[in-house]
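All remarks here apply to the structure that follows.
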Amino acid sequence: SMASPALLMRVVASAYSVAEKAATIVRNVMSAGDLGVVEKAGPNDLQTKADRLVQMSICASLARKFPKVTIIGEEELPNDDVTEDLIEDGHCEEILKKPCPAQYTGIKEEELVIWVDPLDGTKEYTEGLLDHVTVLIGIAYGGKAIAGVINQPYYNYEAGANAVLGRTIWGVLGIGAFGFQLTEAPAGKHIVVTTRSHSSALVNECITALNPDAVIRVGGAGNKIIQLIEGKASAYVFASPGCKKWDTCAPEAILHAVGGKITDIRGNPFQYNKEVKHMNSAGVLATLRNYDYYASRIPNTVKESLVP
């Protein structure tokens, strides 16, 4: 008889279906018209009904299947009983067919940490910039992001009424990443993608120092990594402490699975063990290729301003 698939592959396969369910919730909340927006720390730190329902759905669905896994979500939510209509029990068969990389076959449930951003790009969601929005489920082991799922609920939303809406990108270190067409940015062009709503003097000083050919300002960390892997930008640069572990875990796993690199602005890797602080306080520097080119041009004044 076939050995049952390794735990990691079962978690990723479930996370894929859970993310598709999340996308349906995100779209349903939007089409129902009442976003239920509340401000958390201020007007650029918002939470909607979609953030709340999606986090409940993702965390409850994964916790039911994998009760010993640590799951850390962005939103502070009461531990209410989650209604059955929010539970997703399915999994993606395609993922289970892929062999688990040897170094991950012995992983136990209690060794995994799942970082969940139920709706990355909330501000953009409330403003109708729907292609910026992603659902992020990142899977960490030994403090390292090793697998991730990014769902774009509104992928293709400008392609007309008959277009298939949404897509799910997934990746595992040692296997690769799937659900998109890997494309490199134009050679010799320095196109920087950065924050849309969290700009600052430091953010801009850092970008100016890179002397880019173009700067793209979009919402969401998941969305920015997608710009890198689809060749629309050559570097993601954010010299500010705003970003959190649930923003970077899934995108990091997908970027690393295709040979890219992400660190803080000072070049330190991110840690994802469950005890770690949630803030990526030294910012973000990520590329699909040519990481060293950008890293070498970050001014020391910027590095010294950002303490990990």
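Cβ from N, Cα, C; glycine included.
TrEMBL labels come from automatic prediction, so no person has curated them.
Pulled from TrEMBL, these are the features on record:
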BINDING   Glu74, Asp117, Leu119, Asp120, Asp247  Mg(2+) binding site
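The C-beta environment of Asp120 (Mg(2+) binding site), restricted to residues of the same chain at least 6 apart in sequence and closer than 8 Å, consists of Val133, Thr134, Val135, Leu136, Gly220, Ala221, Gly222, Asn223, Asp247. Considering other CB atoms within 10 Å as the measure, the emptiest surroundings among the binding-site residues Glu74, Asp117, Asp247 are those of Glu74. The Cβ of Leu119 (Mg(2+) binding site) lies under 8 Å from the Cβ of Val26, Thr48, Ala50, Asp51, Val54, Tyr125, Val133, Thr134, Val135, each of these being in the same chain and 6 or more residues away along the sequence. Within 8 Å of the centroid of the Cβ atoms of Glu74, Asp117, Leu119, Asp120, Asp247, where the record puts Mg(2+), the same chain has further Cβ atoms from Asp51, Val116, Pro118, Gly121, Thr122, Thr134, Val135, Leu136, Gly220, Ala221, Gly222, Lys244, Trp246.
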